[in-house]
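S.K.: There's a structure below that I have some questions on.
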Amino acid sequence: MVRPLNCIVAVSQNMGIGKNGDFPWPMLRNEFKYFQRMTTTSSVEGKQNLVIMGRKTWFSIPEKNRPLKDRINIVLSRELKEPPQGAHFLAKSLDDALKLIEQPELADKVDMVWIVGGSSVYKEAMNQPGHLRLFVTRIMQEFESDTFFPEIDLEKYKLLPEYPGVLSEVQEEKGIKYKFEVYEKKG
């Protein structure tokens, strides 16, 4: 079964997603709650969502919050020999992770698959064939960053006018405006 892949990211106007292993902007509590809700809520009873992230993204999560709870966590790394403490699975590449999800032990347990970073993992996911959705929080100002989100190819990805459970109006926290967008590529 080929499942749709979902990427979720918050990105500043200059496409920044990280700085020194953290977000370039101050903590936006409601934006974080949106991330938690979207990546955790399964639409199928008895199944869990699964999150895939690179090694640096994993270690950027405060230890007390690892693994991301109520989700199956896969960490990608070519260097690590075993899953980092708290992670459920380790895979060498996104392709390997996607194959792992279709193995009998996981196939029946997984509902939605979410890619949660970082840059190279997003890039690889966005170039995958097939059905992809990008859940993008547009932080409506620039922040100094050292990690960036790949350009969204609007020939392939269509911005959806609305999406269930996603607010369409501009949000504001700590004087920072942002809005939620959903892009889709049918593959």
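Heads up, the Cβ atoms here are built off N, Cα and C, so glycines get one too.
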S.K.: Which residue of ARG71, ARG78, ARG133 does Swiss-Prot report at the same substrate site as GLU31, PHE32, LYS33, TYR34, PHE35, GLN36?
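M.R.: Among ARG71, ARG78, ARG133, only ARG71 appears alongside GLU31, PHE32, LYS33, TYR34, PHE35, GLN36 as substrate-binding in Swiss-Prot.
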S.K.: Quick test of your reading of Swiss-Prot: among 38-48, 60-70, where does it put region 'Involved in methotrexate binding'?
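M.R.: That would be 60-70, per the region 'Involved in methotrexate binding' entry in Swiss-Prot.
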S.K.: Write down the single range among 8-37, 98-127 that appears in Swiss-Prot as region 'Involved in methotrexate binding'.
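M.R.: Checking Swiss-Prot against the ranges 8-37, 98-127, the region 'Involved in methotrexate binding' one is 8-37.
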S.K.: Just jot down the residues in the same chain as GLU31 (substrate binding site), at least 6 apart in sequence, with C-beta under 8 A of its C-beta; none if empty.
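M.R.: In sequence order, ALA10, THR137, GLN171, GLU173, TYR178 meet the Cβ cut-off.
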S.K.: Give me the Cα-Cα distance between PHE32 (substrate binding site) and GLY118 (NADP(+) binding site), rounded to a whole Å.
M.R.: 16
S.K.: Using DSSP, tally how many residues of the region 'Involved in methotrexate binding' (60-70) sit in helix, strand and coil.
M.R.: 4 helix, 0 strand, 7 coil
S.K.: For the binding-site residues listed here (GLN36, THR137), tell me which residue's CB has the most neighbouring CB atoms inside 10 Å.
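M.R.: Counting Cβ neighbours within 10 Å, the top one is THR137.
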